[in-house]
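So that you can see what the record holds, here are the features copied from TrEMBL:
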- B:10-119: domain 'Tetrahydrofolate dehydrogenase/cyclohydrolase catalytic' (DOMAIN)
- B:138-284: domain 'Tetrahydrofolate dehydrogenase/cyclohydrolase NAD(P)-binding' (DOMAIN)
- B:GLY164, B:HIS165, B:SER166, B:ILE230: NADP(+) binding site (BINDING)
Number of protein chains: 2
Amino acid sequence: MKPDPRYLLGKPVRDRILSEVQSMTGAAGRIGKLVSISIGDIPEVAVYVRNQARAAALAGLPFDQEFWGGEVGQDECKARIQAMNDDPDVLGIILQRPVPDHINVRSLQSAIHPLKDVEGMNPASIGNIVYNDVAMAPCTAAAAVELIRETGLDMKGLEVVMVGHSEIVGKPAAMMLMAEGATVTVCHHLTRSVAMHSRRADVIVVAVGKAHLIGPDMVKPGAAVIDIGINQRIHPDGSTDIVGDVDTEAVKEIAGWVTPVPGGVGPVTVAMLMRNAMRAYQRQQAAGWRT
Amino acid sequence: MKPDPRYLLGKPVRDRILSEVQSMTGAAGRIGKLVSISIGDIPEVAVYVRNQARAAALAGLPFDQEFWGGEVGQDECKARIQAMNDDPDVLGIILQRPVPDHINVRSLQSAIHPLKDVEGMNPASIGNIVYNDVAMAPCTAAAAVELIRETGLDMKGLEVVMVGHSEIVGKPAAMMLMAEGATVTVCHHLTRSVAMHSRRADVIVVAVGKAHLIGPDMVKPGAAVIDIGINQRIHPDGSTDIVGDVDTEAVKEIAGWVTPVPGGVGPVTVAMLMRNAMRAYQRQQAAGWRT
């Protein structure tokens with residue numbers, strides 16, 4: 001059976017991007033390795049790292065996993081990151097989140113050199129997005145933009161409504177979409193009527209973390225709906241499932257496109273990390289760090 | 001005659017802020033000086049510098065004017081700025097714009113250390129705004145926010161429409177307003193209908209550079225209108241005047257508040273520069289750069 005064409009699936013987009021990256025890594029010189037840093041023993045981090053390692057293998061990028069004990073201090077973390085900044089064998093640094101409570105994650109993100117910041121989390125990287133330099137953007141925001149592009153809708157003049165204004169998704173995605181010519185409205189928990197905005201949107205991007213927040217009554221017929229939410233539901237019988245911020249099955253009957261959860265934004269996000277790694281390589285070359 | 005209360009005037013706001021800064025500079029230790037850098041001989045720059053020097057005097061901040069010849073090279077500019085970064089006598093660095101064509105202004109702005117970036121123009125400073133750290137924001141954006149605050153409107157849930165998405169005004173102002181709880185839409189030259197957005201706005205902020213772009217038909221009764229435009233008009237008889245992006249006289253009959261041009265955002269902008277200088281001092285102290 002053919003999948004419903006209204007599902008905007010992440011896997012084909014991911015595969016295309018990973019193979020683009022792979023064709024570049026094959027042609028590149030000594031490219032260095034991606035280093036993933038996990039601090040402490042946090043179960044959900046293991047899933048992310050596994051997905052990233054798999055994508056890196058497909059992209060032809062060496063991927064090293066470092067596990068730092070939960071007792072490691074802030075200064076020691078910073079010193080180790082700074083050593084990686086100076087190490088030509090390190091192409092990019094991935095700081096897995098969450099981290100233990102005694103670690104200041106923002107400060108560590110700032111310590112990662114912008115040319116090695118493949119997650120696009122350093123304030124300087126985020127600032128570059130404001131200046132329309134979107135080479136290394138936060139991966140989830142970049143994935144949302146990539147999926148909108150996939151619809152074939154012309155970004156120029158597109159009315160986009162972002163629901164959620166986080167630093168790592170909502171705000172950078174808004175900036176990136178403005179750079180492409182979209183008119184962007186950013187809604188959040190203080191917005192008086194999200195529906196007033198979402199109903200007039202050509203594209204809705206949701207990143208809030210509330211299961212089924214966006215129902216069909218909030219969507220304009222034919223709109224594209226990009227769902228960044230990942231919510232675990234526990235049912236009365238004890239079983240669990242993962243759903244997004246969008247009531248996908250109901251919205252699918254109204255929307256032109258809707259990204260499923262799982263299988264939509266997630267696979268593209270990890271591909272964006274690999275694309276950032278490739279861009280980091282190009283920028284390090286341009287800066288004379290690599291030959 | 002009492003001025004029309006619908007004019008939201010910049011001068012009282014400027015005076016209040018400069019006197020706040022002045023009471024802090026009076027109590028501070030060795031505070032260092034602001035250094036203004038003008039490159040080449042560009043007439044409009046002289047006006048900015050004069051206004052800044054006057055505001056600095058009122059705020060009790062030492063203000064040095066450096067004039068670099070139009071023939072100075074990029075590397076030499078960068079080296080001089082880096083020397084100022086290291087010079088404890090320098091509190092903050094102001095790079096006047098425009099600069100001659102052979103100078104890359106973005107690169108020089110990036111060379112200014114974030115703790116001395118009193119104009120808030122370094123990408124790292126802009127990135128900090130995305131992370132809700134608005135201590136040293138671009139001055140014009142900060143002035144727009146300050147004038148909205150002056151109306152007494154509650155920022156939480158306020159529907160703000162920005163017209164113009166420049167890096168130094170539209171985008172940072174949008175971020176700052178989101179941080180305050182406003183729902184922000186950013187319109188620009190590719191927006192299909194600016195009026196559709198502006199007519200539903202509680203607050204309109206315009207920074208486009210088109211004389212009288214915003215007329216009364218684009219404004220909701222009772223809205224606040226913040227006009228950042230500065231446009232010189234040349235009349236048939238050869239006389240000139242300065243007007244904003246808003247048809248102020250006509251809009252005044254509809255709006256709850258409108259900032260005049262001149263006399264609205266301009267005076268507040270220069271006061272924001274002095275407030276940023278004070279915050280730079282506090283941050284340099286906190287970082288152990290000053291005792």
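Every residue gets a Cβ built from N, Cα and C, even glycine.
This view paints the features noted in TrEMBL onto the structure.
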residue  : record               : CB count, 10 Å
B:GLY164 : NADP(+) binding site : 22
B:HIS165 : NADP(+) binding site : 26
B:SER166 : NADP(+) binding site : 19
B:ILE230 : NADP(+) binding site : 16
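Each of the binding-site residues B:GLY164, B:HIS165, B:SER166, B:ILE230 was checked for a CB under 8 angstroms from a CB of chain A; the ones meeting this are B:HIS165. Across the domain 'Tetrahydrofolate dehydrogenase/cyclohydrolase NAD(P)-binding' (B:138-284), DSSP classifies residues as 55 helix, 30 strand, 62 coil. Across the domain 'Tetrahydrofolate dehydrogenase/cyclohydrolase catalytic' (B:10-119), DSSP assigns 58 helix, 19 strand, 33 coil.
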